[in-house]
Amino acid sequence: MKQVRQQHLRKPVTPDLLVSPSSQDGDLGSECPEDRGNWTGRLDFLLSCIGYCVGLGNVWRFPYRAYTNGGGAFLVPYFIMLAICGIPIFFMELSLGQFSSLGPLAVWKISPLFKGVGMGTILIVSLVAIYYNMIIAYVLFYLFASLTSDLPWQHCGNWWNTDLCLDHHVIKAGNNTLPINISNTISPSEEYWSRYVLHIQGSSGIGNPGRIRWNLCLCLLLSWTIVYLCILKGVKSSGKVVYFTATFPYLILVMLLIRGVTLEGAWKGIRFYLTPQFDHLLSSKVWIEAALQIFYSLGVGFGGLLTFASYNTFHQNIYRDTFIVTLGNAITSILAGFAIFSVLGYMSQELGVPVHQVAKAGPGLAFVVYPQAMTMLPLSPFWSFLFFFMLLTLGLDSQFAFMETIVTAVTDEFPYYLRPKKASFSAVICIALFLMGLILTTEGGMYWLVLLDDYSAGFGLMVVVITTCLVVTRVYGMKRFCRDIHMMLGFKPGPYFRACWMVLSPATMMALLVYNIVKYQPSEYGSYRFPTWAEVLGILMGVLSCLMIPMGMVVAVLQEEGTLWERVQQASRPAMDWGPSLEENRTGMYVASLAGSQSPKPLMVHMRKYGGITSYENTAIEVDREMEEEDEEESM
């Protein structure tokens, strides 16, 4: 790579101004695979990122994490971790994707020795996509169940209810006369979820999943069909769908928030949610929980951000977009907490129990507690439909990103064969993941879903993110990476980003990894404890994504020549064709590194296209001058 750059600097080439634009453009497009495409609208990328980051976790994880870790005081470590860990890694992923216009596998042309990181990412995303779409299937099930005059989980007396079932109408009547002991009772919504939707009583555990629940199977099929139709034409179709799926949840969230704060007892729940307990800040657990919330909420490491950015134009202002998305995601989480806890406060007052007895996280909140609260409201089917429709749109956006990541990664590896058949390839992927997800539709499917949720994107994902950060800053080089961003955006990242990339972000991620290993707890679902073989299987899921990294190293080293150390050095350097995908954007060391390119054609293409030297060409000239000065210093 250095020899190519020196040849470009020492051997000036006379611009071929006499060649006609049409003939030059013909050369540029010769022997190239089908164009991978770009976003078709100005807001496609921004809304896709917002839809990807603002997901189910904002509604069912952040509020619960906040109230269990100091209430309003939790916002202090939350925003500190957002600044140290969230924003810098978010910007790094967007920069890698936009600069190279490559997916999570092909982007490792930056250092082929670490291509296993990309393979680990695809494995993680595939596992997450399997169970995430099952959650969307549950949402669809409840959405259809809400299309009735009386919600089916409103009362006891159904065939799936037991003698322990006790609905809130009886509890409310008891509060007005004689106290009722509800400690050994079960709500109708909980029995509807466990005994009707899951039919979990038909399974004795993860090793005996039971029969397929065909209503859930059909919902899962519908969910995959919706996802496929939306990604059928890649970002050209999903980029239009997000105009609705990324914005409509905010309308519903505001409606639920307004309805929630006007309920009697709402402020009781909000006080419980936000009352600051600053003594919690002295606990390391609170800071770790804040970092985990940031890490998973922004979706770094899953490849979705990198994939979306790879479809941008080369000079898209991702610096601005980074702050819009990350801060918007944080504000959305806080607003969702108000909407959730205002209703929980009303529910606790109706039942005559403390708020902490009705507050739950995860599926317990979405499919048990909140549906029960909906039955206490007038027009309960309407509010239930709105709530689950909001969850549907939140989930679909994230699932679009997961699928686009998988499809883009593989098609970028085999562009000549798969890009012309991208729709068919997407169908094959959807069908394969649907078939693998059928185990989740059985009576014991929830046990498998919990196992996937606990292990598929645990320590393996953290190892992927830490490795990416270290490779970009140490192996590729911080100076070179900042120069690439300068070429792309017109300015270099400031000391804040460089300090985070070099020290703060990887150190925080390593602390998270160590904490997760030290504080490891076996998976459980309610009172059910997973057997040892299931725990081992879960750990292997995480370990396998980590093993992809050394496996990729072995393959990369075997493809080189020379001694072992020479092979490692050669494999760690960027590939010859690493850099901007369009020749018009390749300057300095990236000129003439594409097959068939002729220096200095990029500048000539820009002059024909834009009618003169633009600010970005001035930046390119500055970058070339900097590299020439560095070469002179090295040669002295």
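For all residues, glycine too, the Cβ spot is worked out from N, Cα and C.
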Cysteine from Cys165, Cys217 that TrEMBL links to Cys156 by a disulfide bond: Cys165
Spatial separation of Cys156 (disulfide bond) from Leu394 (Na(+) binding site) - C-alpha basis, Å: 31
Remote residues contacting the transmembrane segment (117-144) - C-beta distance under 8 A, at least 6 residues beyond either end: 56, 104-108, 197, 215-216, 219-220, 222-224, 227, 301-304, 363, 366-367, 371, 384-385, 388-389, 391-392, 395-396, 398-399, 402-403, 405-406, 409-410, 433-434, 436-437, 440-441, 445, 448-449, 452-453, 456-457, 460-461, 463-464, 467-468, 471, 541, 544-546, 548-549, 551-552
Euclidean distance between Cα atoms of Cys156 (disulfide bond) and Val54 (Na(+) binding site), Å: 35
Cβ-Cβ under 8 Å with the transmembrane segment (323-347): same-chain residues at least 6 beyond its ends: 46, 49-50, 53-54, 58-59, 62-63, 66-67, 75, 78-79, 82, 86-87, 90, 250, 253, 256-257, 260-261, 263-274, 293, 297-298, 355, 358-359, 365, 369-370, 372-373, 376
Set of same-chain residues at least 6 away whose C-beta sits under 8 angstroms from Asn329 (Na(+) binding site): Ile50, Cys53, Val54, Asn58, Ser297, Leu298
Outside the transmembrane segment (382-402), six or more residues from its ends: residues with CB under 8 Å to it: 48, 51-52, 54-56, 58-59, 125, 128-129, 132-133, 135-136, 139-140, 142-143, 146-147, 151, 226-227, 230-231, 238, 241-242, 244-246, 248-249, 252-253, 255-256, 259, 299, 302, 304, 307-308, 366, 370-371, 374
Shell list (Na(+); ref centroid = CB of Gly51, Val54, Asn58, Ser297, Asn329, Leu394, Asp397, Ser398; cutoff 8 A): Ile50, Tyr52, Cys53, Gly55, Leu56, Gly57, Gly299, Thr332
